[in-house]
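*Asks:* Annotated L-serine binding site per Swiss-Prot: Thr271, Arg302, Glu325, Asn427, in sequence order. The annotation ATP binding site is assigned in Swiss-Prot to Arg302, Gln303, Glu304, Val318, His319, Gln320, Phe321, Glu391, Leu392, Val393, Ser394. Swiss-Prot lists 479-502 with the feature compositional bias 'Basic and acidic residues'. What Swiss-Prot lists as compositional bias 'Polar residues' is 504-514. Swiss-Prot lists Met1 with the feature N-acetylmethionine, giving similarity to another entry as the kind of evidence. If you look up Swiss-Prot, you'll see Ser241 marked as phosphoserine. The N6-acetyllysine annotation in Swiss-Prot covers Lys323. Positions annotated as region 'Interaction with tRNA' by Swiss-Prot: 9-61. Taken from Swiss-Prot, the feature region 'Disordered' applies to 472-514. Residues or ranges marked as motif 'Nuclear localization signal' in Swiss-Prot (evidence: similarity to another entry): 482-494. The site 'Important for serine binding' annotation in Swiss-Prot covers Thr429.
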Amino acid sequence: MVLDLDLFRVDKGGDPALIRETQEKRFKDPGLVDQLVKADSEWRRCRFRADNLNKLKNLCSKTIGEKMKKKEPVGDDESIPENVLNFDDVTADTLTNLKVSQIKKVRLLIDEAILKCDAERIKLEAERFESLREIGNLLHPSVPISNDEDADNKVERIWGDCTVRKKYSHVDLVVMVDGFEGEKGAVVAGSRGYFLKGVLVFLEQALIQYALRTLRNRGYTPIYTPFFMRKEVMQEVAQLSQFDEELYKVIGKGSEKSDDNSYDEKYLIATSEQPIAALHRDEWLRPEDLPIKYAGLSTCFRQEVGSHGRDTRGIFRVHQFEKIEQFVYSSPHDNKSWEMFEEMIATAEEFYQSLGIPYHIVNIVSGSLNHAASKKLDLEAWFPGSGAFRELVSCSNCTDYQARRLRIRYGQTKKMMDKVEFVHMLNATMCATTRTICAILENYQTEKGIIVPEKLKEFMPPGLQELIPFVKPAPIDQEPSKKQKKQHEGSKKKAAARDVTLENRLQNMEVTDA
């Protein structure tokens with residue numbers, strides 16, 4: 001995932017100042033731009049020198065051939081005149097005045113210079129790439145500039161009643177319908193491990209079927225993706241920080257052959273966006289085939305490093321969940337990708353409106369965007385039991401930022417194009433099932449149970465098409481209130497103090513008696 005290098009090159013029409021400004025607006029290090037420009041300038045000089053050295057080497061070979069054809073003596077003199085040691089000044093006439101043995105010696109020296117130049121070029125290329133991979137995409141003008149997501153995300157619109165309050169949060173409701181095993185899940189899988197069971201399994205499957213059908217009716221091709229990716233491919237779709245904070249690494253044998261002891265390093269996917277982004281890797285996509293729209297279905301795996309203490313109970317924030325994803329390859333021309341961006345968020349809105357989930361759409365501030373996103377809109381549902389908005393959908397236009405590293409090009413082959421162009425790539429959540437279940441539970445709770453949303457009834461089994469009944473008490477009702485806990489703790493402290501006082505008195509009495 002990278003920007004076009006020509007954007008950093010003034011002689012190619014680029015504007016490093018614009019990228020530096022973008023880095024500042026993202027609250028990232030603008031010095032990376034200067035480091036890249038310096039490394040790129042040196043790299044280009046090095047490549048220019050290597051090209052000239054190769055031309056000179058070819059000229060040496062040509063001159064030797066001509067001299068041999070004329071049957072000139074080879075000679076045994078390998079001394080090199082001073083004027084020849086400066087390769088920049090060597091011409092065909094210079095070489096003509098040398099013996100074949102001398103030209104061969106010059107050619108050997110040129111080979112050494114080329115090797116040295118290539119080593120320097122590779123080093124500079126690595127330095128340039130290290131800076132390039134950490135420089136974010138150019139921002140859309142409508143992105144709010146701030147580093148405070150909580151205070152400055154811009155609310156674009158609201159749908160439904162986002163003021164209503166209800167009694168229970170999803171943490172209690174998943175237990176009340178007997179659809180969740182948290183403690184046992186943690187024993188088996190560790191923190192945030194869980195078993196989804198009973199009615200919530202059917203509700204999850206209903207959401208998956210309804211989301212896939214909705215997207216298929218809008219021209220999306222359903223696609224079930226691999227759950228893990230090779231390291232070299234994941235590096236092309238994920239930014240560096242994700243490897244430490246989000247992705248799980250798995251190691252297995254590199255071959256099915258019993259005598260092969262090599263091991264492969266792979267990564268579990270955090271979203272189906274990652275494998276779908278690589279689906280057309282190294283391809284040319286024809287204009288008449290665009291847009292290509294996929295409805296990705298996958299299990300997603302996330303470490304959630306940095307989320308310690310947040311949403312530790314229930315199924316809202318977990319390490320493993322199912323998700324339906326919108327993913328689109330779009331033309332880079334005529335504002336097509338931005339039109340698609342609006343279409344994708346509208347599709348997500350229609351889905352949640354049809355489920356009767358109130359929400360607002362927020363424009364995410366620049367400092368909270370990942371490197372690839374030029375702009376991101378989130379759909380945050382209203383959770384009446386929790387009294388808060390919670391994110392259900394993220395919709396991003398990454399323009400050509402991802403496609404460039406994956407080499408997914410637009411149009412015909414390079415021979416048919418003046419300049420290579422890259423497709424634009426967009427992604428948007430349709431339905432992360434565990435989070436959507438939480439939203440449904442809170443919004444559709446009654447005294448007796450959870451009303452099944454109208455659109456999901458046909459996907460639910462007989463007996464569960466109208467109401468999911470409560471079969472267990474709410475955990476919060478079983479716990480002592482904070483006031484009761486405080487009073488109980490106070491009573492324990494007073495009792496302990498009385499015991500100490502009584503013991504001291506008894507000891508004093510024993511001393512007096514003695």
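Cβ from N, Cα, C; glycine included.
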*Asks:* Taking every protein chain shown into account, which of the binding-site residues Glu304, Glu325 has the largest tally of Cβ atoms within 10 Å of its Cβ?
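*Replies:* The residue with the most neighbouring Cβ atoms within 10 Å is Glu325.
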*Asks:* In whole Å, note down how far the CA of Glu325 (L-serine binding site) lies from the CA of Thr429 (site 'Important for serine binding').
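*Replies:* Checking the Cα atoms of Thr429 (site 'Important for serine binding') and Glu325 (L-serine binding site) gives a distance of 5 Å.
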*Asks:* Out of Ser241, Glu304, His319, Lys323, Leu392, Ser394, give those recorded positions positioned within 10 angstroms of Thr271 (L-serine binding site), comparing C-alpha atoms, in sequence order.
*Replies:* Lys323
*Asks:* For Glu325 (L-serine binding site) and Ser394 (ATP binding site), determine the Cα separation and express it in whole Å.
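*Replies:* Ser394 (ATP binding site) has its Cα 10 Å from the Cα of Glu325 (L-serine binding site).
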*Asks:* According to DSSP, folded down to helix, strand and coil, what is Thr429 (site 'Important for serine binding')?
*Replies:* strand
*Asks:* So among Ser241, Lys323, Asn427, all listed as recorded positions, which is physically nearest to Glu304 (ATP binding site)? Use the C-alpha atoms.
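*Replies:* For Glu304 (ATP binding site), the spatially nearest of the recorded positions is Ser241.
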*Asks:* Nearest to Arg302 (L-serine binding site) by Cα distance: which of the recorded positions Ser241, Phe321, Lys323, Leu392 is it?
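*Replies:* Out of the listed candidates, the nearest Cα belongs to Phe321.
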*Asks:* How would DSSP class Glu304 (ATP binding site) in three states?
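*Replies:* For Glu304 (ATP binding site) - judged by DSSP and reduced to three states - the answer is coil.
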*Asks:* Run through the region 'Interaction with tRNA' (9-61) and tell me, per DSSP, how many residues are helix, strand and coil.
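*Replies:* Split into helix, strand and coil, the region 'Interaction with tRNA' (9-61) gives 44 helix, 0 strand, 9 coil.
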*Asks:* Under a three-state reading of DSSP, tell me whether the residue listed as 'phosphoserine' is helix, strand or coil.
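*Replies:* Note: the residue listed as 'phosphoserine' is helical by DSSP.
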*Asks:* When you look at Thr271, Arg302, Glu325, Asn427, which the record names as binding L-serine, what is the longest CA to CA distance in angstrom?
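*Replies:* Greatest Cα separation within the listed binding residues comes to 18 Å.
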*Asks:* In angstrom units, rounded to an integer, how far apart are the Cα atoms of Leu392 (ATP binding site) and Lys323 (N6-acetyllysine)?
*Replies:* 11
*Asks:* Looking at the recorded positions Arg302, His319, Lys323, which one has the fewest other Cβ atoms within 10 Å of its own Cβ?
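*Replies:* Looking at the recorded positions Arg302, His319, Lys323, the Cβ with the fewest others within 10 Å is that of His319.
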*Asks:* Between Ser394 (ATP binding site) and Asn427 (L-serine binding site), how many Å separate their Cα atoms?
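*Replies:* Cα-Cα distance, Ser394 (ATP binding site) to Asn427 (L-serine binding site): 8 Å.
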*Asks:* What are the sequence-distant neighbours of Asn427 (L-serine binding site), meaning same chain, six or more residues apart, C-beta distance under 8 angstroms?
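*Replies:* When sequence neighbours closer than 6 are ignored, Asn427 (L-serine binding site) has Thr271, Glu273, Ala277, Glu325, Gln326, Phe327, Val328, Cys395, Ser396, Cys398 within Cβ distance under 8 Å.
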